[in-house]
């Protein structure tokens, strides 16, 4: 909504890492703020100024909310993209297209009466013609009718008939479109598996590492590295989607899920496994001896892949459900992520830490199986291309008509 087609992926990637950067800043600044003794100078057993931290965060949130409510409009005044121009249309495009087609079918005619009403989208231009009557030449100033196309709709207008009728959708109608579109439902399932379950797994990494004999600090570092890797993956997405991979979302998703499955396979042999799988003399709570470098490697690989997929999900959802607002389709993505996150946490709690990695790997396999059934229709991009073509044709037509008018006037004065 706020960015052009060439800027969307970059903007979505940056927005998706804001939460991650917020967590990073919170980890860094919270201990420093908690050490400030404002309002607690007389406290002898000082354990940290938690009220100052909480009220400070509340004030910052209120300030941001007020700025967004009062200052920022719901949409930019000037549409930054052709799709946004299309969604802001007044619904007259189809009628204008019918009028244009009617005018194109009628040949240009010579009209001698200037008082005859003009057809829509046509302009009267003077033209000089020389008629010979015997030996006498009679100069006749006639009126030539030259069609001017002021609105050229997509050539395949029947294909976009439903898109035109759904140009302005209410919130409930948008939800209906989202949850009745099979491709969008499959995408929401893939989103939940790719993001929600991985977030839930990352929250359990610290506890699982303590069962392997590592400290809680080490587990926290691994979780932090995984989070930072996701931010790096989101930043890398615009580079990956450039060039030949443009509009190849399914290929990117499939590659990402294969990488995630490899990551979980690497962690599967390192993380705690069910004791029933081992012989009594097995020395480790995992299949092989847990090595911290391999655990870091698996976390980094999985984090980069999952982070790269997350902003792309928003773009795919906007394409599939267009002309549904990007805010509503993005909310559906967030909803799917949150629901799957809690479902994964619930399952992890039921099966225990020894089965957690295997369950996460199973989630990844299911997501990989679903990808071939996903059909991504680039509705927004196609409408943008059509709207861009309309503007180019309009500019070309206006230029040609202006050239004809100038040439006609020149010939008139010449005669």
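Every residue gets a Cβ built from N, Cα and C, even glycine.
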Out of 291-314, 387-410, which range is noted as transmembrane segment by TrEMBL?
291-314
Going along the chain, which residues at least six beyond the ends of the transmembrane segment (291-314) come within the CB cut-off of under 8 Å?
9, 12-13, 15-17, 187, 190-191, 194-195, 198, 202, 205, 209, 214, 218, 222, 225-234, 236-237, 240-241, 249, 252-253, 256-257, 259-260, 262-264, 266-267, 270-271, 326, 329-330, 333
Counting Cβ pairs under 8 Å that are 6 or more apart in sequence, does the total for the transmembrane segment (354-374) and the transmembrane segment (177-201) reach three or more?
yes
Stretch with greatest number of CB pairs under 8 Å, the transmembrane segment (177-201) reference, 50-72, 252-271, 326-348 candidates
326-348
How about long-range neighbours of the transmembrane segment (326-348): same chain, 6 or more residues beyond its ends, C-beta under 8 Å?
1, 171, 174-175, 178-179, 184, 188-189, 191-193, 195-197, 199-201, 203-204, 313-314, 317-318, 320, 356, 359-360, 363
